[in-house]
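**Q** One structure follows; several queries about it will come next.
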Ligand code: 3NM
């Protein structure tokens, strides 16, 4: 499910039409979706909840796991498939207690954070930024795919998705360095054709495709 993990909120989509973009991305072959409604232009309150419920339904009918970024209440209310938290969000151990068997993803940047996330009950790690990104304004210094090899060499067994500035042309370098999949925002959300953009990552024979 981590092979092609699409992450997006309203501000990531031209015209704010996230439901259309997600429907096209699903048609193009994404294997998981994370609702990350953050930053300038993000929806709040009822509008945010209603959009999330609509997207949850889209994912459910396509059999695509629906993960909520940093909002346990919302994830529980929508019977989401999981929750993803960063290092400055709610503590992973506390989130694990609250969500029971739901999937738990944690952003980690080095072996120490990765070990702690594993001990806290993470099912997978998001590691980045792989490349420069304009999407996350507070992203850390670019690490490059080399950090993945170092994490694997340190003995880390948890599934990993690389994130940050990943394009179809760069995906193979990320999976080749030890990631199980890639997470992308703008490569799909800001593409003129999100269906084709997702397909470029997911189609056999494309640069980014993995069995
Ligand atoms: N997390 P794009 S980078 C949401 O480094 C997020 O943890 C990151 O967007 C991290 O695919 C990032 O458009 C944004 O570069 C990724």
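Cβ atoms here come from the backbone N, Cα and C positions, even for glycine.
Annotations in TrEMBL come from automatic prediction, not curation.
Marked as 4-amino-2-methyl-5-(diphosphooxymethyl)pyrimidine binding site by TrEMBL: 34, 35, 36, 37, 38, 69, 107, 136. Annotation comment: TrEMBL describes 70, 89 as Mg(2+) binding site. Per TrEMBL, the feature domain 'Thiamine phosphate synthase/TenI' maps to 4-188.
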**Q** I'm trying to understand the geometry here, so how far is the Cα atom of residue 69 (4-amino-2-methyl-5-(diphosphooxymethyl)pyrimidine binding site) from the Cα atom of residue 89 (Mg(2+) binding site), in Å to the nearest whole number?
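**A** It is 9 Å, counting Cα to Cα.
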**Q** Tell me, what is the mean pLDDT of the domain 'Thiamine phosphate synthase/TenI' (4-188)?
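**A** It averages 97.
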**Q** Using a 10 Å cut-off on Cβ-Cβ distances across all protein chains shown, tell me which of the binding-site residues (36, 38) has the largest neighbour count.
**A** 36
**Q** Can you go through the binding-site residues 38, 69, 107, 136 and pick out those with a C-beta less than 6 angstroms from ligand 1?
**A** 107, 136
**Q** If I take the alpha carbons of residue 70 (Mg(2+) binding site) and residue 36 (4-amino-2-methyl-5-(diphosphooxymethyl)pyrimidine binding site), what is the distance between them in whole Å?
**A** 8
**Q** Please find which two of 34, 35, 36, 37, 38, 69, 107, 136 have the most distant C-alpha atoms, given that the record lists them as binding 4-amino-2-methyl-5-(diphosphooxymethyl)pyrimidine, and give only that distance in angstrom, rounded to a whole number.
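**A** Farthest Cα pair among residues binding 4-amino-2-methyl-5-(diphosphooxymethyl)pyrimidine: 16 Å.
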**Q** Can you grab the distance from residue 38 (4-amino-2-methyl-5-(diphosphooxymethyl)pyrimidine binding site) over to residue 89 (Mg(2+) binding site)? Cα atoms, rounded to a whole Å.
**A** 13
**Q** Among the binding-site residues 37, 89, which residue has its Cβ surrounded by the fewest other Cβ atoms within 10 Å?
**A** 89
**Q** Within a 10 Å radius of its Cβ, which of these binding-site residues (34, 69, 107) has the fewest neighbouring Cβ atoms?
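**A** Checked 34, 69, 107; of these binding-site residues, fewest Cβ neighbours within 10 Å: 69.
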**Q** Have a look around residue 35 (4-amino-2-methyl-5-(diphosphooxymethyl)pyrimidine binding site) and count the other CB atoms within 10 A of its CB, chains all included.
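**A** So the number of other Cβ atoms within 10 Å of residue 35 (4-amino-2-methyl-5-(diphosphooxymethyl)pyrimidine binding site) is 27.
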